[in-house]
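There's a structure below that I have some questions on.
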Amino acid sequence: MEPLICHSLVYWCSTGAGGWSPLDSDHYQWLQVDLGTRRQVSAIATQGRYSSSDWTTKYRLLYSDTGRNWKPYHQDGNIWAFSGNSNSESSVRHELQHGIVARFLRLVPLDWSEEGRIGLRIEVYGCFYWADVINFDGQGVISYRFKMKIIKDVIALRFKTSESDGVILHGEGQQGDYITLELDKAKLLNQYGSILGHTSVTTGSLLDDNHWHSVVIERYRRNVNFTLDRHTQHFRTNGEFDHLDLDYELSFGGMPYSGKPGGGGKKNFKGCMESINYNGDNITDLARRKKLDTSTFRNLSFSCVETHTFPVFFNATSFLQLPGRANHNTLSVGFHFRTWNPYGLLLFSNLDDGTLEVSLKDGKIAVHINVTNAARNYRADLTSGSGLNDGQWHAIRLVAKENFAMLTIDGDEASAVRYFLQTLFPPSQQSFQGCMQAILVDDQPADLHAVEKGTVGAFENVSLDMCAIIDRCMPNHCEHGGRCMQTWDGFSCTCDGTGYTGATCHTSIYEPSCEAYKHLGRSSDTYWIDPDGSGPLGPFKVNCNMTEDKVWTTVINNLPPKTAITGSSRERRTILQVNYSASMAQVTAITTSAEYCEQHIAYSCRMSRLLNTPDGTPYTWWVGRGNEKHFYWGGSGPGIQKCACGIDRNCTDAKYDCNCDADAKQWREDSGLLIYKEHLPVSQVAVGDTNRPGSEARLTVGPLSCQGDDNYWNAASFTTPSSYLHFATFQGETSADIAFYFKTSAPYGVFLENLGNTDFIRLELKSPHVVSFSFDVGNGPVELTVQSTTPLNDDLWHRVTAERNVKESVLLVDQVYRASRPAPAQGHTRLELFSQLYVGSSEPPFLSFLGCIRALRMNGVTLDLEERAKVTPGVKPGCQGHCTSFGMYCQNGGKCVEKYNGYLCDCTATAYDGPFCTRDVGGFFEAGALVRYSFLPEAVAGASRDSRMLTHEQKAREVNLTKEEVAFSFSTSSAPAILLYVSSKTRDYLAVVLRPNGSLQVRYNLGGLREPFTINVDERNLANGQTHTIKMSRVDRKTGHVDPLLIESYNTPGFIGCLSRVEFNGITDSSSPAAHLGKLVESNCGASPLTIPPMSAATDPWHLDNTGGSEL
């Protein structure tokens, strides 16, 4: 290795083994190393000065090819600060996360020994580096011709430039195919195109920094990997093509001068390229050996011609002071700047009779000239430009003299302003953070070399000859289409409209399945679901049908029912594409986790054969999700080339296995369910026999319906103190989310743990009320805890969600208790693990969890706990006891019934129906309709017959004639009417009626009274079409004799309207045998809100004293 060369602004460099120590220990010192030629540097080690109290505890590393235009070493998205030494003798070595190529290195001490001063010995590790270099002058283009069309391309090169625009690579063909790699506003744009489609992908930014950047493009057919400086984007080109027709030619450095269309006036690349390779050919070497056409170059150079910019880097506490001209009546200043901040003071100067201020306000340039003299005081203000905080270089030029000022932005005369607005604004107080270069004062370039030597001007906390601006949105940590917004110090993500939330738009706001929505108490409806949570699949809409014991998920398609097909043959089949309301990957996520799936398919035919042919090849087939052809039809199965009638042996012609294969002139149909879920959904149907005279067919492909969600109920029970499951290492480097449910009666236990060298991640129950989420990504252990107000070891299901990303970490328990912590502004961001993932325990010594864990999902992937538990001692698949957590959802007296993979609500003993016993059981009665329930023993019921109705008897039960509990809801617009009539074998009765004026009345005889007892319940007209609810009870009185005249008069024409929620003495209309007369239609009568105001207590008959002491 070449000898080290020591430098500092005011320096002293020791000789021998002593090491380097500057005369002054401050933040302006640096040690520079000249490696002689460009080298590949992979590691660096430091020590303090020999046998002293001098060492460096923290430092930065800068590197350069030329000793100018320095670049700071970046790691984890930040300018990296290396930890140094704690004494003078021990050595601290750092392996660079990514190697650098440079000739010059600078170490800048940030902190040093409190006992002494800066002291340093260094050792650099690496290897030789060599590459062919070509300098592109913005005119010359290298043309490369290849021999054949290929479906695979690999293009690799390195470039550096100070220009923000320029074509690096281009190829095009006569048929319109093209490929372009170009710089556009200092970003790299990769474009592919053909007559079948166009694709454009952008990556990187700030690429005009005159430092080397590496590009690799790998294309196989339509799949492309696009890598810039180790960050890779994967994309698929639009259109259907395997190779690009490029006339066998590629151009490096710009557009060819061939007269072909498409150039569009784009600039050629100006800068340097090295190591240019196309499919293994070294383009740079071929150009050096004159094997390629380089005739467009005026002076082809194989060395990099360096530019001579001198950037200045400002942070929040820095300034640069430059001398101007005194006693001069004209001010002229110009400079280039780049920043991410919308506000900042760019320039301030004292004038002979006032002040000048140039600042950035809301992304616009604002100039304020304040003049104070004996005659008058005034302020002149100029504003121009917009969006100038976009990280691009922008040129500012200001010329001002008495009664005249002109401000020009980026050389655009349209932005020049030549007038004064005499207003008053407060001066800017916010410092500028960013870079400046090409500074002109009174039309003369500022001598920044003299400033650096301290002979001219002054500066503080400024980095000279370096622009250390960072694009914190590249790579973009905002996931799932979140929009990245940045300032100088950080970034934030806007997640609006993405379906995701969190600091990096990582966490889905939707449940993974219809099953999950059901167990949140939701009813049948259309919902957004996200089966893989934070994974790459986006959310999509499905129809959820919550039945009593099953949950169905339905995805519709765009094929109209009975789509007509004509003109198809075996040689020229008609292909019908079946597109769904979700992508194939999204639909596959549903079918993969479902317990069962089905899809109805029907082929209506007239002289159109379906499957069987003489040579065995079917006329028609369908294509499933794996893009494979299937030769069976609905009602049959894989490997069986039959239709449903062939399986059931009931085809119209017994010689064939499909109705349509008989080739009849009458319309026939073959239909049935496809139920092999690994083949579903149907994506295409190829029809091949509708081209003969009189031949036609109609195809119907129904929606895909899947039942259940195995992922939601995938559970394991940990039964012994040493039980655990292990899985492959968790890959969650920059973003990790973990979600699961648990139930336990134990006071503590580790849910899961994964370790690295020093990194780790762990979730545990630390006490009956506390859940902990801890991890270390290299900055020291971090722990988040949440404390529940109720015990978490209550043997009920509890939900845990944890997330860690480059912005923050979050822990959430039961969607209520939350803790969060921001990530450090500077530090490691990558979680590096290597051990197995332990579930249900920590690594030895084991801190086991006793209980159940289910639906464990990590970064969108559900771990199959049940399958692993089947082969693991001490762990059982599944978990019972769901009703303890979910039984609350069974309403109105519904009974929770335990299932292996969930629960269901038994609504048999209620007046309700539906998955949660919340849907009213009711009916609409037309004139003359009635429903009869028989609660009597069989012998008694048989003694009274009615020829007008069919009765269903039930088993004998004890009849209580001393108590009635009645409840029902009704709505009607007709009166009079009988709402409810209860009778017994002794002709005793109870009747609830609407009188002719619509008022409600209850009639019966309380034994011993001469007249039936009558209670006018409500004098309002209740026959108003609204829903009303009745609840009534009677205790310890015998009923009297029936009043047949009243019943007959009120029962003509009978009740017309809705009745629902009917209960009598604990017996419901859904649990008792019934017979009906007349037309009765199912209806939800109780769904309408009550619009009649409730009666006052003063007129409520149930609270009157004249009720004869009856308890009603």
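Cβ from N, Cα, C; glycine included.
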Can you tell which of Cys852, Cys905, Cys907 TrEMBL lists as bonded to Cys879 through a disulfide?
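Between Cys879 and the options Cys852, Cys905, Cys907, TrEMBL records the bond with Cys852.
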Output the single range from 1-127, 309-467, 469-506 maximising the number of Cβ pairs under 8 Å to the domain 'Laminin G' (714-879).
469-506
So which residues does the domain 'EGF-like' (880-918) touch in its own chain, when a touch means Cβ under 8 Å and the partner is 6 or more beyond its ends?
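Answer is 515, 518-519, 521, 523-524, 546-549, 551, 595, 708, 710, 713, 743, 795-797, 852, 967, 1060-1063, 1068-1071.
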Average the pLDDT scores across the domain 'Laminin G' (309-467) and report the rounded value.
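The average pLDDT of the model in the domain 'Laminin G' (309-467) works out to 83.
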Around Cys879 (disulfide bond), how many other CB atoms lie within 10 A of its CB?
25
For the domain 'Fibrinogen C-terminal' (505-555), DSSP counts of helix, strand and coil?
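Taking the domain 'Fibrinogen C-terminal' (505-555) as a whole: 5 helix, 19 strand, 27 coil.
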Between Cys879 (disulfide bond) and Cys1058 (disulfide bond), find the distance joining the two CA atoms and give it rounded to the nearest Å.
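Here the two Cα atoms lie 44 Å apart.
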Between Cys1058 (disulfide bond) and Cys852 (disulfide bond), what C-alpha distance do you get in Å?
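Here the two Cα atoms are 47 Å apart.
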For a three-state summary based on DSSP, what are the helix, strand and coil counts in the domain 'F5/8 type C' (1-127)?
0 helix, 66 strand, 61 coil
